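Notes for the one structure printed next.
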Number of protein chains: 2
Amino acid sequence: MSFDPASLTYNDAGLIPAIAQDATNGDVLMMAWMNADAVARTLETGRVTYWSRSRQAFWIKGETSGHTQKLVEMRIDCDRDCLLVLIEQVGSACHTNRRSCFYTALRDGAEVEIMKPEAK
Amino acid sequence: MSFDPASLTYNDAGLIPAIAQDATNGDVLMMAWMNADAVARTLETGRVTYWSRSRQAFWIKGETSGHTQKLVEMRIDCDRDCLLVLIEQVGSACHTNRRSCFYTALRDGAEVEIMKPEAK
């Protein structure tokens, strides 16, 4: 039976969180949101496509920056209300030009930057 | 300067998504939600504590199942609206007794179970 994006559970805004994980080394790179159409587009095109809550528009990752995400595999959690997308990330996933958005760690009660922006 | 959980960005329900990643092998195990108090409790106790949206109560992971999550490190994303918790997972993170909640993959357009429940 083929997969239907409508079978997932979306929040009141029609969105589902999608965690992007580097398929090569397992690093968690970012979390963003998809609606059912974004899920379908991601699967159809193989290019990870989110829904931008601020712009209220599809967000084909890397369309302007060139920092694309190629879908390797999409996974669904037990409650069907969260997605894990394994990807091949070109360049940096974060808009700060860092490889991952999770570049701040809490160590000894303080925030520590653990990742520098990549060279342009 | 010490970290203040109130400095994070929470949604309208006062919650922030927290992605739990196995600190040992990098597997993404689950995603659940925390409020500011759950963030503080997790940091104070070293035991990952979520906020259960269904029960509207603190959810000290593993308190009843024994499948605890020991905090190794908490990380914050660039928008301060998502957390990554690196953990030591005892047993299975998923209520289905699978190691990870993300045990369903989409392959060739169909859902495939890629992980079996663990032996009890």
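Glycine is treated like the rest: Cβ placed from N, Cα and C.
Cβ neighbour count for B:ASP79 (Mg(2+) binding site) (all protein chains, 10 Å cutoff from its Cβ): 14. Feature annotation from TrEMBL assigns Mg(2+) binding site to B:ASP77, B:ASP79, B:ASP81.
Secondary structure at B:CYS94 (Zn(2+) binding site), as computed by DSSP, is coil. Marked as Zn(2+) binding site by TrEMBL: B:CYS78, B:CYS94, B:CYS101.
Annotated domain 'Phosphoribosyl-AMP cyclohydrolase' per TrEMBL: B:30-103, in sequence order.
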Structural state census, the domain 'Phosphoribosyl-AMP cyclohydrolase' (B:30-103) (DSSP three-state): 10 helix, 29 strand, 35 coil
